Amino acid sequence: MGLMGDLLRARNLLLVVFVPLLLLPLPILHPSSEAACAYVLIVTAVYWVSEAVPLGAAALVPAFLYPFFGVLRSSEVAAEYFKNTTLLLAGVICVATAVEKWNLHKRIALRMVLMAGAKPGTLLLCFMSCTTLLSMWLSNTSTTAMVMPIVEAVLQELVSADEEQLGAGSTSTEEAQPISLGVNHSQPSLELIFVNEDTSTADLTSLMHNKKLNGVPTITNPLQTASQRQGKKQHPSQEKPRVLTPSPRNQERNRKYRSHHDQMICKCLSLSISYSATIGGLATVIGTSTSLIFLEHFNNQYPAAEVVNFGTWFLFSFPISLIMLVLSWLWMHWLFLGCNFKETCSLSKKKKTKREQLSEKRIQEEYEKLGDISYPEMVTGFFFILMTVLWFTREPGFVAGWDSFFEKKGYCTDATVSVFLGFLLFLIPAKKPCFGKKNNGENQEPSLGTEPIITWKDFQKTMPWEIVILVGGGYALASGSKSSGLSTWIGNQMLSLSSLPPWAVTLLACILVSIVTEFVSNPATITIFLPILCSLSESLHINPLYTLIPVTMCISFAVMLPVGNPPNAIVFSYGHCQIKDMVKAGLGVNVIGLVIVMVAINTWGISLFHLDIYPTWAKASNITNQA
C-alpha cells in the first residue's frame with residue numbers, strides 16, 4: 001500500500017517523464033515531418049487532458065519540441081504565441097477590471113433582484129438573466145464567483161425571514177428548528193471571490209481547501225482600491241458586500257431545511273447560476289475563452305475569410321442564448337419547483353408572504369448601501385457601452401461601418417477598439433474633475449487622489465495569462481500541423497465520413513466534444529479538435545464554419561459534473577446540491593443547448609454565414625495545405 005500510495009502521489013511526474021519516452025518510437029521509426037508533428041501533438045494533448053502540468057506550461061511544449069524535430073523554426077513558433085486575439089483579450093480585461101473594482105456588477109445584480117421580487121420563479125429568472133448579461137462580457141468563472149455570494153445572501157434572507165415569522169412564539173432558535181445552512185445567521189460582512197476563467201478544476205479545488213473557500217474564512221478580493229490599501233474611508237460603491245460564503249461539503253449531511261420546497265429552491269437557484277453563466281458566455285465572441293480560441297484559429301487558418309467578427313457572432317449566438325435562457329428556466333423550474341408558475345411567478349403585492357416582504361426589505365437595504373452611482377461607475381458604464389457600440393458598427397455588413405472611413409480599410413479590428421478604450425482607463429482619474437470649482441470637501445474621495453480608474457496592478461491580478469499562453473500553444477500546434485502536412489493526412493483518413501450528410505457529421509462532432517469536455521478543460525478540448533475539424537471539413541468539402549461554430553458552442557456545455565468547469569465547482573462547493581442533481585439538471589441543459597445550436601446553424605446560420613456553399617477562402621486554404 002505504501003508503494004502504491006507513493007506512485008499515486010507521483011502520478012503527474014511519471015506522466016511527464018514516461019509519456020514522451022513511450023511515444024518516442026513514433027518519430028524514430030517514421031522519420032517524417034508528419035510523424036514528428038503527431039508526436040508533439042499527442043504529448044501536448046496528454047499533458048492537457050491529464051493536467052499533469054499546468055495548462056499554460058503544457059502549451060509551451062511545441063515551443064521547444066518543434067525546433068528540436070525540425071517542424072518549425074523557433075522564430076516561427078514564437079510568432080504564434082501572440083496574436084490579435086491577445087490584444088482583444090487585454091482590452092476586454094481592462095474594462096472587466098474596472099467593472100469589478102468599482103462594484104458596477106453588484107449594482108446591476110441587486111437592481112435586477114429588486115425588480116423581480118422574492119417569488120421563487122421570478123427570482124430564478126432574474127438571477128439567470130442577470131448572470132447571463134454579466135457573463136457576456138466577463139469570464140464565466142468570475143461571473144459565477146461574483147453572483148453566487150449574492151444568491152447565498154438572498155437565500156439567507158429568505159431563511160431569516162422565515163425564522164422571524166415562524167419562530168415568534170419560540171423561546172430559542174433551537175425550538176423554532178431553523179434551517180441550518182452552515183453559516184452564522186448574524187451575517188458577517190464577507191468578501192466576494194474573484195477567480196480567473198483559466199483556473200483549472202484542480203487549482204480551484206486546492207484553493208477551496210487551502211483558503212477555506214467553502215468555510216467561514218474568506219478570500220480577500222484582489223482588486224483592492226488605493227483607499228483600502230491606505231486604510232482610509234472608501235466610497236460606498238467600493239464597500240465589500242455583505243455576503244455569505246459556502247458551507248463545508250462535509251457538513252452537507254447535517255444540513256437541515258425547513259421543508260423540501262426550501263431545499264429545492266436552494267438547489268435550483270445555485271445550479272441556475274452556473275448554467276446561465278455558460279449561456280451568457282455564448283452570446284459574445286469575448287464571452288468565453290473557447291470562442292476566442294476559435295476566432296483566432298479560424299482567422300489564422302483562413303486569412304481570406306472576413307465573415308466572423310463581433311457583430312456576426314452576436315447576431316448568430318444571441319438568439320441562441322435567449323432561447324436557451326428561457327427553456328433552461330422552464331426546465332429548472334419544472335425540475336425543482338414544479339409547474340405552478342402562477343404561484344411562483346406572481347408579481348402581485350397582495351400575494352406576497354411576510355417572508356418574501358422581509359427578504360425584499362433586506363435586499364433593498366443592501367442596494368441602498370451602495371449609495372448614489374459614483375463617477376468611476378459612470379465612466380466604466382460609458383466605456384462598456386461605447387466599446388459594444390464600436391464593435392457592432394465597425395463592420396456591420398448591411399451598411400458601411402466606421403472602418404470604411406479610414407483610407408486603408410481593414411487595418412482596424414475589434415482588438416483596436418478594446419485596447420484603445422482599455423488604455424484610456426489607465427489615464428482617466430477616478431476622482432471627478434472640478435473644472436475650476438473650489439473643492440469644499442463634501443462628497444469627495446480624497447483617498448483616490450490622482451489614481452486612475454484602474455491601475456496596472458489591478459490589471460495584472462485579473463489578466464488570465466495562462467489562457468494567453470494556452471491559446472498561443474494551440475496556434476503553434478495548428479501551424480505545425482499545417483506546415484508538416486499532418487492536417488492534410490488526418491483529413492484524408494476521414495474521407496469515409498463523406499457518405500454522411502453534413503448535418504450528421506456536425507451532430508456527431510458536437511456530441512463527441514460534449515462528452516469529452518465533461519472531463520477535459522474547455523480550452524484544451526477546443527485546441528485539440530479545431531485542427532482536426534478543419535481538415536475534416538476541407539476533405540468533405542463542407543463549409544468549415546458549419547462544423548466549427550456548433551462545436552465551439554457545444555464545448556461550453558460542460559455542465560453535468562463539478563469537474564466540468566470552474567463555475568460548476570464553485571456552485572457545488574456551496575453544498576446545496578449533490579452530483580446526482582447536477583447530472584440530472586445538466587443533462588437537460590445539455591440537450592436543450594445541442595438541439596438549439598443544431599437548429600440555429602441550419603436556419604439563420606446558413607443565411608448569415610452562407611453555409612450552403614463551399615467558400616473560395618476554404619478552397620484556397622486547402623490548396624495551400626496540399627502544396
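Cβ atoms are placed via backbone N, Cα and C, with glycine included.
Features as listed in TrEMBL:
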COMPBIAS  217-229  compositional bias 'Polar residues'
REGION    213-258  region 'Disordered'
TRANSMEM  45-69  transmembrane segment
TRANSMEM  81-99  transmembrane segment
TRANSMEM  119-138  transmembrane segment
TRANSMEM  268-293  transmembrane segment
TRANSMEM  313-332  transmembrane segment
TRANSMEM  373-393  transmembrane segment
TRANSMEM  413-430  transmembrane segment
TRANSMEM  467-491  transmembrane segment
TRANSMEM  503-533  transmembrane segment
TRANSMEM  545-565  transmembrane segment
TRANSMEM  585-609  transmembrane segment
Q) Residues sitting near the transmembrane segment (373-393): Cβ under 8 Å, six or more positions beyond its termini, same chain? A) 91, 95, 98-99, 101-104, 107, 137, 235-237, 309-311, 314, 401-402, 414, 417-418, 421, 424-425, 428, 430-432, 453
Q: Establish whether the number of Cβ pairs under 8 Å between the transmembrane segment (413-430) and the transmembrane segment (81-99) reaches at least three, counting only pairs separated by 6 or more residues.
A: yes
Q | Contact set, same chain, for the transmembrane segment (81-99): CB under 8 Å, 6 or more residues outside the stretch | A | 63, 105, 137-139, 142, 223, 286, 292-293, 295-296, 299-300, 376, 379-380, 383-384, 387, 413-423, 425-426, 453-454, 458-459, 462-464, 467-469, 471-473, 475-476
Q: Go through the chain and flag residues at least 6 beyond the ends of the transmembrane segment (119-138) whose CB is under 8 A from any CB in it; none is fine as an answer.
A: 92, 95-96, 99-100, 105, 108-109, 112-113, 144, 146-147, 151, 154, 265, 268-269, 272-273, 275-281, 283-284, 286-287, 321, 325, 328-329, 332-333, 337, 341, 344-347, 352, 356, 384
Q. Of the stretches 45-69, 268-293, 313-332, 467-491, 545-565, which racks up the most C-beta pairs under 8 Å with the transmembrane segment (503-533)?
A. 545-565
Q: Quick one: find which recorded stretch in 268-293, 313-332, 467-491 has the most Cβ pairs under 8 Å with the transmembrane segment (45-69).
A: 467-491
Q.
Under 8 Å between C-beta atoms and at least six residues away from its ends: which parts of the chain pack against the transmembrane segment (545-565)?
A. 140-141, 201, 274-275, 278, 281-282, 288, 290-291, 294, 298, 307-308, 316-317, 320, 502, 505-506, 509-511, 513-514, 517-519, 521-522, 525-526, 529-530, 533-534, 536-537, 572, 579, 582-583, 586-587, 589-590, 593-594, 597-598, 601, 605, 609, 611
